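Look at TrEMBL and you will find B:6-23, B:30-49, B:55-73, B:85-106, B:112-137, B:149-172, B:178-196, B:229-249 tagged as transmembrane segment. Residues annotated as domain 'NADP transhydrogenase beta-like' in TrEMBL: B:6-448.
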C-alpha cells in the first residue's frame, strides 16, 4: 500500500512540474490532451470486465469500457484537430 | 507480470512526455501523438494479459466507443470544442465510477484503504460526470448561461456535500452495495449543484477543474485495482489539471474561489438606471472611410466572430487594409472565445499569421495611439466595467482598453449583453460607432466598401 502511495506522491510532483509554465495559447489543447489521458480508465474497465463473474459486473464493466473508449479516442482526435491549426 | 509492468511503465512515460510536449507550441502535436501511442500500448497490454473471459464483448464495447467517439470528435465545429471536451471528460468520470462499482461487487470484502479508494472513485467520478453534463448544457446554450441560483441552493449544496461525506464513512464501515449506489446518486446531485451557480465566461474554468477531478477519480480507481498505471496517469492529470485551472483563473484575473462560489455572494449586480440610452450607429460606408484612412487599427475578435464563421472575412478585410498601408493587428484576449486559447485556434484555422496576434500587454500600452479599434463579436473582454466598476460581476478581469483608443467600431448583432450577461458602458461611449448585423455579413459589405474607396 505504501508503494502505491509513494507513486501517487511522486506523480503529483511530476504533474505540477510538467505544466508549470504554459502559454495561454495552449491552455485549451493541454486541457483536452490531459482529458484524453485520463481515458486510461479504459485499462481498468478492460481488466474488470475481463474477470467479471456476474451479469451485474459484466454490464457495469462493458458500459465503462464503452464510455472510456469514447473518452480516449474522442479526446486524442479532438486535441489533434486543434493542434493541426497551429502547424505552420 | 514483469512484461506487463514494463509496458505500463512505457505508457506512463509516454503520458508524461505527452503533457510536457503539450505545454510547448513546438512539440504540442507530437506530444498528443505520443500520448495516444502510450494509450495504445496500455490498452493492448491490458487486453492481452488481463482478460480471462468476455474478450469478445469487450471488443464490441470498444468498437462501439470508437464508432461514437471518432465521428463526434471529427465533426464538431471548432467553436463547439469546449463543450465537446466537457462531454469527453464527463464520460471518463462515469467510467471511473462504474469501474469502482463493478470491482466492489466482484470483491466486496476488503481492507479499509481499498474501501476508501472505492468510495472516493465513485463519488468524484459521479460529480465529474453530472457536473460536466451541466457545463455542456450551458455552453451548448441548451440551458441559460447565467449563474443559476436555486432557492436555498447553497444549503442544498452543503447538504449534498455533508451527506456524501457521511455516506462515504458509512460505506467504509458497512460495505454495502445499496449504500454505494446511493453515494453515486448523491454525487450526481452534488455535481449539478456545484456547477449550476457558475456562470457564463467562468464555465470553462469549471470544466478544467472537473477534468482534474476525473484524473483524481482515475487515480483512486488505480488503488482499487492495485494498478500503478492508473495511479500515475490519473494523478498526472489531477495535478496538471489543478495547475491549469489556476493558470486559467489567473488569466481572467479572478480567484478560483470567487469563480466557483462568487454567485452565492453577489446578491444583486448594480441595477442599470437609465433604460433608454442613446447609442450611435453608423453605416457600412461610414465605417469603411474610418478604417480606410486610419494609420493604425486593432481588431478585437470574440466568440461572436467564430459563431458567424467570419474568421476568413475578417482576415480578408485586414489584408485589404494592409494593402492600403494601414497597420493592423489582432488583440487576442486570453479568454476570447469560450476557453483560453480558443480564439488562437479559430484564427489559425483562417490562416491568420501568428505574428499579427497580440496579447493584452502588447496592445494596451499603445492603445491611445490606435486610430480605430474594431470589436467584432466580442463584448465582455472590452467592457470598461471590468476595470472601473467594483460592483460589476466581471470586475477584475483584465480587458482591452479600447475605450482609450481614438475611436471604436463595435460590430454587434443586437443590443444583447455578452456571455457574462453584463451591460457594456462602451456601447454608449460617444467615440463608439455601432454597426449592427451578422458579423460575416457586415465584414463582407465592409470589405466591398473599403475596396471602393
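Backbone N, Cα and C define each Cβ position, glycine as well.
Within the model, the domain 'NADP transhydrogenase beta-like' (B:6-448) carries an average pLDDT of 87. Sequence-distant contacts of the transmembrane segment (B:55-73), counting only residues of its own chain at least 6 positions beyond either end whose CB sits under 8 Å from a CB of the stretch, comprise 47, 84, 87-88. Residues 8, 11-12, 15-16, 19, 42, 204-205, 208-209, 211-223, 255-256, 259, 335, 340 of the same chain sit 6 or more residues outside the transmembrane segment (B:229-249) yet have a Cβ under 8 Å from a Cβ within it.
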